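What Swiss-Prot says about this protein:
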DOMAIN    207-234  domain 'PLD phosphodiesterase 1'
DOMAIN    421-447  domain 'PLD phosphodiesterase 2'
CARBOHYD  N89  N-linked glycosylation site
CARBOHYD  N148  N-linked glycosylation site
CARBOHYD  N169  N-linked glycosylation site
CARBOHYD  N247  N-linked glycosylation site
CARBOHYD  N279  N-linked glycosylation site
CARBOHYD  N415  N-linked glycosylation site
CARBOHYD  N425  N-linked glycosylation site
CARBOHYD  N442  N-linked glycosylation site
TRANSMEM  37-57  transmembrane segment
Amino acid sequence: MDKKKEHPEMRIPLQTAVEVSDWPCSTSHDPHSGLGMVLGMLAVLGLSSVTLILFLWQGATSFTSHRMFPEEVPSWSWETLKGDAEQQNNSCQLILVESIPEDLPFAAGSPTAQPLAQAWLQLLDTARESVHIASYYWSLTGLDIGVNDSSSRQGEALLQKFQQLLLRNISVVVATHSPTLAKTSTDLQVLAAHGAQIRQVPMKQLTGGVLHSKFWVVDGRHIYVGSANMDWRSLTQVKELGAIIYNCSNLAQDLEKTFQTYWVLGTPQAVLPKTWPRNFSSHINRFHPLRGPFDGVPTTAYFSASPPSLCPHGRTRDLDAVLGVMEGARQFIYVSVMEYFPTTRFTHHARYWPVLDNALRAAALNKGVHVRLLVSCWFNTDPTMFAYLRSLQAFSNPSAGISVDVKVFIVPVGNHSNIPFSRVNHSKFMVTDKTAYVGTSNWSEDYFSHTAGVGLIVSQKTPRAQPGATTVQEQLRQLFERDWSSHYAMDLDRQVPSQDCVW
């Protein structure tokens, strides 16, 4: 493996330090902050809507001279989801899913989530009309990277599954980042040849970041969201964590609105609107979450988004969601994330950004919350991260009731050194005694201010009538503690082989 190569998640384009406008999102400061924006929007829409539409789109489009992408006539109104999703009764069911890399065994009897490869195929089996996917890039075959390895078979089976859906006239719609990182992959060309609709979103030109989201909306009823890319390595060589929600049209159609922000920006000459039209607005957010039973368990849930410029009115900003989860904790905050930097990561000159770092310290000091941070270390780790991790660890003072612990999780390379950009814990989640957060972003400023991502925030209470029911935050806590107590999680003073981790 060439140490000078960069992992796809680290190849986010350099950004200039641009101030982000105050977009009409739900913020942690004022639950009614969008009201004035809505009134102003109503006054302006009559004069500006025609101009805005003409500026955003100039006719039907095809992205390449080979006409890989079907021509479409864009519209501010998103594509209507097929079927009768709005009429379906919600009987929401949430399932945690994960990928455990090959040759990464845990102790017998350890808690597990449903295997991601199996869960994705089962989710696609439910599709009757449409599958909408927001993705960073696609690389589902070993040939994409010149690797002949049996561990690529699950990704190849997934690609075949998508082709089968298209042959059954099930719509497959993909919004992905442009330019793609998987430059030798033919996955999207293959799907387009079978009738998939694909748009590439030049996110760097629009927000200064990338389209880093990883979620699916199936039939306007079912959802996947999590850390896994559309990459065969995410199924067998990289540790991932996500969630699938079945039969939850209210949440699914709310997440669909975020998908549609990407979709409309994937047209030629698209620009970010100063104010998103009302049909992109959300009424499900931090201050007004969806409330109802998930498998009989009382649940609140909502989606957040980043960056602020992709938050129409009512959408909670991802950073505000993360801070809100921390603020609500009373006993513990456990975080598992690939990278942790209290700085910018992709600007020409790094800028200090202590927002999340301060929030963890404040929770530990002010409320006596037990903080645990599990960060990944692998062959492509930037070793400057460890100074920040040691600084946070040094804040711990058990005699004063301040508990902050930091470990690194290392996936041994073993005999898999022939597979580049693998063998890493890629999860991005947080769990407290009150709430579970499953996201798509690493923790540095750029992911929240410039890069497109989403978060799922869920809180459950065990009903008295179901004393044996396990809340999603309890399930996620068990998975975190399994990882934390395993021999793959190491204290910051440990020495490890450089093949597995650049310390």
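Glycine residues also receive a Cβ, built from the backbone N, Cα and C atoms like all the rest.
The structure displayed is predicted, hence computed values, not measured ones.
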- Task: Pop the Cα-Cα gap between N442 (N-linked glycosylation site) and N425 (N-linked glycosylation site) into the table, whole Å please.
- Result: 12
- Note on the structure: The answer, for which of the glycosylation sites N169, N279 has its Cβ ringed by the most other Cβ atoms inside 10 Å, is N279
- Task: Could you tell me the mean pLDDT over the domain 'PLD phosphodiesterase 2' (421-447), as a whole number?
- Result: 98
- Spatially closest candidate among N148, N247, N279, N415, the listed glycosylation sites, to N169 (N-linked glycosylation site) (Cα to Cα): N247
- Query: Roughly how many Å separate the Cα of N148 (N-linked glycosylation site) from that of N247 (N-linked glycosylation site), to the nearest whole number?
  - Reply: 38
- Query: Of the glycosylation sites N247, N279, N442, which sits closest to N415 (N-linked glycosylation site) by Cα distance?
  - Reply: N442
- Item | For N279 (N-linked glycosylation site): DSSP state (helix, strand, coil) | helix
- Query: For the glycosylation sites listed here (N247, N415, N425, N442), which one has the lowest count of neighbouring CB atoms within 10 Å of its own CB?
  - Reply: N415
